[in-house]
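Asker: Below is one structure. I have some questions about it.
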Amino acid sequence: MSQDQGRYDFYIGLALAITSSLFIGGSFILKKKGLLRLARKGSTRAGQGGHAYLKEWLWWAGLLSMGAGEVANFAAYAFAPATLVTPLGALSVLVSAILSSYFLKEKLNLHGKIGCLLCILGSTVMVIHAPKEEEIETLNEMAHKLVDPGFMVFATAIVIMSLMLIFVVGPRHGQTNILVYILICSVIGALSVSCVKGLGIAIKELFAGKPVLNHPLAWILLLSLIMCVSTQINYLNRALDIFNTSLVTPIYYVFFTTSVLTCSAILFKEWQHMSAADIIGSFSGFLTIIVGIFLLHAFKDVSFTISNLPVSLRKDDHSMNGSLTNIYESYNHDEENHLGDSEPRSENISSR
């Protein structure tokens with residue numbers, strides 16, 4: 001019975017994760033449209049610290065869409081391991097890239113399409129080989145995990161790194177380097193996922209009739225989640241306002257997934273009971289995703305589609321044939337000139 005219940009929870013978490021990716025991928029487009037409308041009106045841009053987007057209904061529609069996606073994502077973490085839910089965020093990359101090419105007129109070339117496909121394939125491999133996290137059913141067990149020395153060191157490092165990025169690196173390089181604001185969102189996202197996982201356990205206990213509201217950890221997790229999510233929204237808005245959406249979304253996915261998987265491995269000790277095949281499969285899937293992200297990022301300015309491939313080959317053939325023809329004609333011309341110069345010389349010799 002417990003095995004059937006576990007399988008049932010797995011499929012519920014899988015469906016919720018896919019739904020979450022659809023909503024979140026669409027939210028990037030809505031929020032970007034709202035930010036572009038504000039830029040055309042001459043309002044202070046979010047990348048420059050402005051908050052005029054709070055008066056734009058398209059931005060609020062994007063926020064609601066992201067909220068719906070995060071709610072579905074929240075519920076997915078309650079039913080399934082983080083190492084299953086997080087990699088499925090690659091679907092939001094595909095949704096965002098496709099919608100941005102239609103609604104934002106942001107070009108997605110052949111390399112970008114292959115990159116999206118690789119992201120999906122890599123995520124699928126990671127889901128198949130996903131490590132099973134240690135079962136935690138109560139807030140007391142979660143509290144015991146949170147005070148583990150390994151996780152405390154990790155959380156402290158995350159907080160210090162976030163503060164350095166926000167107050168030192170961000171003001172200097174945030175406008176020119178796409179990684180700065182995305183790194184802030186990603187590393188803080190690792191802590192927000194841990195809070196979500198703990199609150200999911202709290203909600204389960206609440207429905208079971210346990211006095212969860214009297215447990216201080218539930219309120220600590222809730223306040224921490226609000227702080228983390230608000231910070232992520234702020235700096236994600238800045239990244240979307242300054243840089244191309246089809247770049248922000250996949251790069252954010254890579255760093256966010258890396259942070260979450262690292263945090264989940266430290267907190268839940270997921271990798272200790274994995275077989276060698278599952279470890280290799282997980283790393284292979286994640287490397288496949290990184291290759292896909294590289295294709296999306298490195299060749300973004302190359303205008304290249306499937307229809308260009310045979311045309312380029314024909315042009316190469318024509319150019320090669322033309323070059324050979326030009327060389328042949330030049331050779332004949334030189335020969336004619338040489339013969340033309342030699343004939344008068346022979347006449348002058350004979351006349352002497």
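Please read every residue number as a count from 1 along the shown chain.
Cβ atoms are placed via backbone N, Cα and C, with glycine included.
Okay, so TrEMBL annotates it like this:
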- 12-30: transmembrane segment (TRANSMEM)
- 57-79: transmembrane segment (TRANSMEM)
- 85-104: transmembrane segment (TRANSMEM)
- 111-130: transmembrane segment (TRANSMEM)
- 150-171: transmembrane segment (TRANSMEM)
- 178-203: transmembrane segment (TRANSMEM)
- 215-235: transmembrane segment (TRANSMEM)
- 247-267: transmembrane segment (TRANSMEM)
- 279-299: transmembrane segment (TRANSMEM)
Asker: Between the transmembrane segment (215-235) and the transmembrane segment (178-203), are there three or more C-beta pairs closer than 8 Å, counting only pairs 6 or more apart along the chain?
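Answerer: Yes; at least 3 Cβ pairs under 8 Å.
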Asker: Using a Cβ distance cut-off of under 8 Å, indicate which of 150-171, 247-267, 279-299 has the most pairs with the transmembrane segment (111-130).
Answerer: 279-299
Asker: Give the nonlocal contacts of the transmembrane segment (247-267) in its own chain as ranges (CB under 8 Å, at least six residues past its ends).
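Answerer: Tertiary neighbours of the transmembrane segment (247-267) are 25, 28, 81-83, 86-87, 89-90, 92-93, 96-97, 115, 119, 131, 133, 145-146, 148, 150-151, 154, 158, 178-179, 182-183, 185-187, 189-191, 193-194, 236, 239-240, 286, 289-290, 292-293, 296-297, 300.
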